[in-house]
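The transmembrane segment feature in TrEMBL is assigned to 22-42, 54-79, 91-116, 137-161, 181-202, 240-265, 277-293. Marked as domain 'G-protein coupled receptors family 1 profile' by TrEMBL: 34-292.
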Amino acid sequence: MAAIFCESSSGQYHYTQVNQPLEISCMLLLIMLGKVFLDFFMLQVKQKKVKVSFMGYFCVSLALLDFTLLLSISFIFYFEDFALWGVRFTKYHICLFTQIISLTYGILHYPVYLVAGLDYYMTIAQTSQFPKRGPRLLYVFAVVVIWMSGFFCILKVPAIYEELEIQNRFSPYQCPLYASVQSYSVSCAMVLLLGTALLACWKEVITMLLSVRVVSFASQPVLMFSYVSNNSSTCFKWQLLTRLLICFLGTWAPFVLLQIIVLFLGARIPAYMEMNVPWLYFINSFLIAVAYWCRCHDVELTEEMWSTDPFVSWKFCFMPFNNENTEPADKPSTVIVIC
């Protein structure tokens, strides 16, 4: 696994530099403060009773690593010039640490999404909400291996380390930060896939949205979708795709719009900002939707089944049918989703 990571990060052309003034030390501190607050806010507001997963553990590890970087930057910023364990730390190290973090974050998008996707594909049909100690330890081990592999590649590849030294030596008033090509390509792929899916079933999406009504159920506002399928022989996966799109975009539409704007403007966001907990949960919901669509015939309609995603309720997607052999209803189907 480490060899694959190193190959992905061996060339400097894999990154786009974003030059900023060295007075960035104060700005970096404020940005990391906001990012850490956002990370822990998302971890706090998410649903607590969800099935454990690799992405859940990785999000926690990312928040802790961001918090550690914030503490390091704050400590160096306050004392400015000090020695610790025989090593002298100055404001130069604020830029250096952030560069290392940016480079490491930039090469971890592919492996993290790949492992998370495989995890959901293999476990999406399992109904057990609390797995044994073995899977938990496996998730922790996978997270540790990915982080160690990423840092090993950045710190042990001579070309990257020498480039950092040269830039910081000859550009004392600039702190070059890096935008990940991996994240950019993932954003392009997601926008392309979502756009293709919407074009493929836009009529059904519009029809279902037009049938929505807001009603009161158990003293809570709910959305009720009443609809009749225009074609009783419509493929189950085709109907499921429409529902998955509505559920996903109903929660993450602002993120999709932000992606489109960033791609249209050609903006390059530094990697230490781009990989954050909200972004990972956005990707997490997309991967869960793909896993549901690929393994739709293995999904069992149990309450534990719907505790996979901390932010999106996918229960609506599988009601009232769960396989292609379901007989068409005599009356229009009614689906209720609690918001």
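Glycine is treated like the rest: Cβ placed from N, Cα and C.
A quick note: this is a predicted structure, and the numbers were derived from the prediction, not measured.
The transmembrane segment (22-42) makes contact with the transmembrane segment (277-293), as judged by at least three Cβ pairs under 8 Å among residues 6 or more apart in sequence. Taking Cβ pairs closer than 8 Å, the transmembrane segment (240-265) reaches residues 184, 187-188, 190-191, 194, 197-198, 200-201, 204-205, 208-209, 278-279, 282, 285-286, 289, 292-293, 296, 311-314, 316-318 in its own chain, all 6 or more past its ends. For the transmembrane segment (277-293), the residues of the chain that approach it from at least six positions outside its boundaries are 38-39, 42-43, 46, 53, 55, 58-59, 62-63, 112-113, 116-117, 120-121, 124, 186, 190, 237, 240-241, 244, 247-248, 251-252, 255, 299, 308-312, 314, 317-318, judged by C-beta separation under 8 angstroms.
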